[in-house]
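S.K.: Please find one structure pasted underneath; my questions will follow.
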Amino acid sequence: MAKTVAYFYDPDVGNFHYGTGHPMKPHRLSLTHSLVLHYGLYKKMIVFKPYQASQHDMCRFHSEDYIDFLQRVSPNNMQGFTKSLNAFNVGDDCPVFPGLFEFCSRYTGASLQGATQLNNKICDIAINWAGGLHHAKKFEASGFCYVNDIVIGILELLKYHPRVLYVDIDIHHGDGVQEAFYLTDRVMTVSFHKYGNYFFPGTGDMYEVGAESGRYYCLNVPLRDGIDDQSYRHLFQPVIKQVIDFYQPTCIVLQCGADSLGCDRLGCFNLSIRGHGECVQYVKSFNIPLLVLGGGGYTVRNVARCWTYETSLLVDETISEELPYSEYFEYFAPDFTLHPDVSTRIENQNSRQYLDQIRQTIFENLKMLNHAPSVQIHDVPSDILSYERTDEPDPEERGSEDNYSRPEASNEFYDGDHDNDKESDVEI
């Protein structure tokens with residue numbers, strides 16, 4: 001039976017700019033959406049311009065002091081916030097940039113709206129490529145992430161769902177989400193990531209398993225450099241199958257960070273776009289309500305290819321290898337294809353013996369789980385959002401410029417892998 005897929009896209013979200021030389025580029029969202037449109041994938045989805053999250057929404061997880069700071073700070077007044085900048089870890093990796101709070105509001109609102117639509121059975125799958133900012137903590141920013149839209153979305157899902165499974169395939173450990181739900185069995189977190197050699201964020205050892213009621217409801221799969229499609233599949237599919245069999249989640253949140261692809265600027269894995277997509281396809285195959293989010297990904301053209309391909313998998317549509325012409329066509333030179341070779345010369349340091357050892361340890365931990373913990377459901381709080389949305393604009397039409405209040409950053413275009421912006425010679 002065909003799935004109903006809701007797709008959330010804010011036309012302004014790709015026009016925010018972390019600053020010259022910064023590897024995180026919201027502009028990748030504009031590229032992704034352009035491909036989704038030009039491949040005609042929007043015809044297979046319900047397209048929403050998302051809700052913007054309020055301070056109140058963000059404070060469901062974050063501290064009021066921190067969110068109040070995010071709303072008040074700007075590049076023009078940040079000199080007066082020296083103490084707060086340090087306290088909230090805002091500075092180099094997480095800079096203050098124009099429209100910072102508005103950016104957080106837009107990507108968080110989309111994840112929250114996706115969760116609410118899943119709760120109300122408006123859709124079977126909700127997609128927000130702008131979300132998935134998994135490093136943000138209750139009291140501070142971290143790793144290019146300010147507001148943890150994933151945690152806020154999961155808190156909304158928990159109003160209706162007794163058990164939510166969180167799966168993270170970003171190359172970086174999903175530390176902010178793990179920390180938020182470390183003490184509960186209502187959410188099981190499963191993260192596949194690079195671990196060791198001081199790789200950010202430095203957490204995600206196999207022996208971090210949760211505590212108190214959440215003991216054994218946190219599962220980490222620490223990987224080494226150079227993992228390829230075959231090795232990843234050897235771990236991912238059996239682990240996810242066992243987790244779903246044991247935990248029986250009623251909803252799944254999947255963070256699809258694309259920095260686990262080969263050739264990523266900040267990554268050291270060797271997954272192909274097809275291999276990354278295979279994980280999405282596998283999770284979808286369980287037919288459990290699914291919230292799909294973005295995350296990391298710093299080689300912009302490959303992020304757009306990856307998330308477009310995964311959108312096609314989620315709507316069961318085969319798309320051509322040749323990219324359609326679009327306003328961003330030149331980004332995809334020289335091949336202009338959906339699945340270029342992204343393999344690198346990084347050696348796969350994940351031996352079969354190492355992978356089997358991880359698998360064995362994980363399966364032993366899973367045996368410690370109570371099968372599908374039951375939960376006492378109290379009165380369900382009212383939904384944050386109600387939508388009888390009949391006013392959706394045609395996504396094929398650009399619409400008036402009034403809908404695009406934030407112009408594209410003039411230094412957002414760049415050439416090649418080492419030029420981050422046309423005004424910068426900083427190599428990342």
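Backbone N, Cα and C define each Cβ position, glycine as well.
What Swiss-Prot records for this protein is below:
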REGION    3-316  region 'Histone deacetylase'
BINDING   HIS17, GLY21, LYS25, ARG265  1D-myo-inositol 1,4,5,6-tetrakisphosphate binding site
ACT_SITE  HIS135  active site
BINDING   ASP170, HIS172, ASP259  Zn(2+) binding site
REGION    386-428  region 'Disordered'
COMPBIAS  386-405  compositional bias 'Basic and acidic residues'
COMPBIAS  415-428  compositional bias 'Basic and acidic residues'
S.K.: Just counting, how many other CB atoms are there within 10 A of the CB of ASP170 (Zn(2+) binding site)?
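M.R.: So the Cβ neighbour count for ASP170 (Zn(2+) binding site) comes to 26.
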S.K.: Find the one among the binding-site residues HIS17, LYS25, ARG265 whose C-alpha lies closest to that of ASP170 (Zn(2+) binding site).
M.R.: ARG265
S.K.: For the residue listed as 'active site', just count the other CB atoms lying within 10 A of its CB, please.
M.R.: 27
S.K.: I need the neighbours of the Zn(2+) site defined by ASP170, HIS172, ASP259. Which other residues of that chain put their C-beta within 8 angstroms of the C-beta centroid, in sequence order?
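M.R.: Once ASP170, HIS172, ASP259 are set aside, the remaining close residues are ILE171, HIS193, GLY257, SER260, LEU266, GLY267, GLY295, GLY296, GLY297.
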S.K.: Among the binding-site residues HIS17, LYS25, HIS172, point out the residue whose Cβ has the most other Cβ atoms within 10 Å, with all shown protein chains included in the count.
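M.R.: Going through HIS17, LYS25, HIS172 one by one, the largest Cβ count within 10 Å is at HIS172.
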S.K.: Would you work out the biggest C-alpha to C-alpha distance among HIS17, GLY21, LYS25, ARG265, the residues that bind 1D-myo-inositol 1,4,5,6-tetrakisphosphate according to the record, and give it in angstrom as a whole number?
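M.R.: Max span of the 1D-myo-inositol 1,4,5,6-tetrakisphosphate binding residues, Cα based, is 18 Å.
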S.K.: Tell me the Cα distance separating HIS135 (active site) from GLY21 (1D-myo-inositol 1,4,5,6-tetrakisphosphate binding site), rounded to the nearest angstrom.
M.R.: 21
S.K.: Measure from the Cβ of ARG265 (1D-myo-inositol 1,4,5,6-tetrakisphosphate binding site) and count the other Cβ atoms within 10 Å, all protein chains considered.
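M.R.: I get 16 for this one.
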S.K.: C-alpha of ASP259 (Zn(2+) binding site) to C-alpha of ARG265 (1D-myo-inositol 1,4,5,6-tetrakisphosphate binding site): distance in Å?
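M.R.: Approximately 8 Å lies between the Cα of ASP259 (Zn(2+) binding site) and that of ARG265 (1D-myo-inositol 1,4,5,6-tetrakisphosphate binding site).
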S.K.: Give me the count of other Cβ atoms within 10 A of the Cβ belonging to ASP259 (Zn(2+) binding site).
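M.R.: Taking all protein chains shown, ASP259 (Zn(2+) binding site) has 25 Cβ neighbours within 10 Å.
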S.K.: Would you list, in sequence order, the binding-site residues among HIS17, LYS25, HIS172 whose CA lies within 10 Å of the CA of the residue listed as 'active site'?
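M.R.: Near the residue listed as 'active site' by Cα: HIS172.
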